[in-house]
C-alpha cells in the first residue's frame, strides 16, 4: 500500500477572493458580435428602436392599436438587450442549468409572432388614424415598414435558433468551442 506523502501542498481561498476574480474576467466576446446571432440581435435592436421611436413621436395614446404596437416594440427591445448582454459577456455559459438554445428558440419564435401582430396592426390603422402626406402618417407608415423588417429579423433568428437547438450542421465539440452560437 502506498504511503501518504510527507509534504502536501494545499491552497485555500475565501469566497470573496473568488468573486473578485470572476468580476475582473467579465470581458465582451467580440466573436459573438461577428456571429449571425449577434449581428441579427444588433439589427433587431436598431430596427426595434426605430419602430417604437417613430410611433412614440406621434400622438399614439389616442389610438389603442398603437398602444399594442408600442408594447410589443418596447418589451421585445428591452428583452433583446438583456439577451444580447447575456451572450456578449458569455453569462449564459455561467447559467449552465438553463437550456439556452431552447430558450433562445422559444423567445425568437414568440417575438416573431408578436411582431407579426404588431406589423399587421400598425399597417392596418395607418390610413384610419392619420391623413395621407402628414408627418404622423409618414412616421406611422415608416414604423410599419420597420416593424416588417424587424419581424423578418426575428424570423431569421428563430430559424437559426431552431437549427442550433436541433444541432443541424454541428457536433458537440464545435458547438462547445463556438460558445453556442454560429
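Yeah, the Cβs are placed from backbone N, Cα and C, and that goes for glycine too.
Bear in mind that TrEMBL entries carry predicted annotations, made automatically and left uncurated.
The feature region 'Disordered' is assigned by TrEMBL to 1-21.
Residues or ranges marked as domain 'MARVEL' in TrEMBL: 32-166.
Per TrEMBL, transmembrane segment is recorded for 37-55 (among others).
Annotation source TrEMBL lists transmembrane segment at 67-89 (among others). Here the transmembrane segment (67-89) has Cβ contacts under 8 Å with residues 26-29, 32-33, 37-38, 41-42, 44-45, 48-49, 51-52, 55-56, 60-61, 104, 107, 111, 114-115, 117-118, 121-122, 143, 147, 154, 181 of the same chain, all six or more residues outside its ends.
Per TrEMBL, transmembrane segment is recorded for 101-126 (among others). Long-range neighbours of the transmembrane segment (101-126) within the same chain, counting only residues 6 or more positions beyond its ends whose Cβ lies under 8 Å from a Cβ of the stretch, are 37, 44, 51, 55, 63, 65-66, 68-69, 72-73, 76, 79-80, 83, 137, 140-141, 143-144, 147-148, 150-151, 154-155, 157-158, 161-162, 164-165, 180.
The transmembrane segment annotation in TrEMBL covers 141-162 (among others).
Averaged across the domain 'MARVEL' (32-166), the predicted model reaches a pLDDT of 95.
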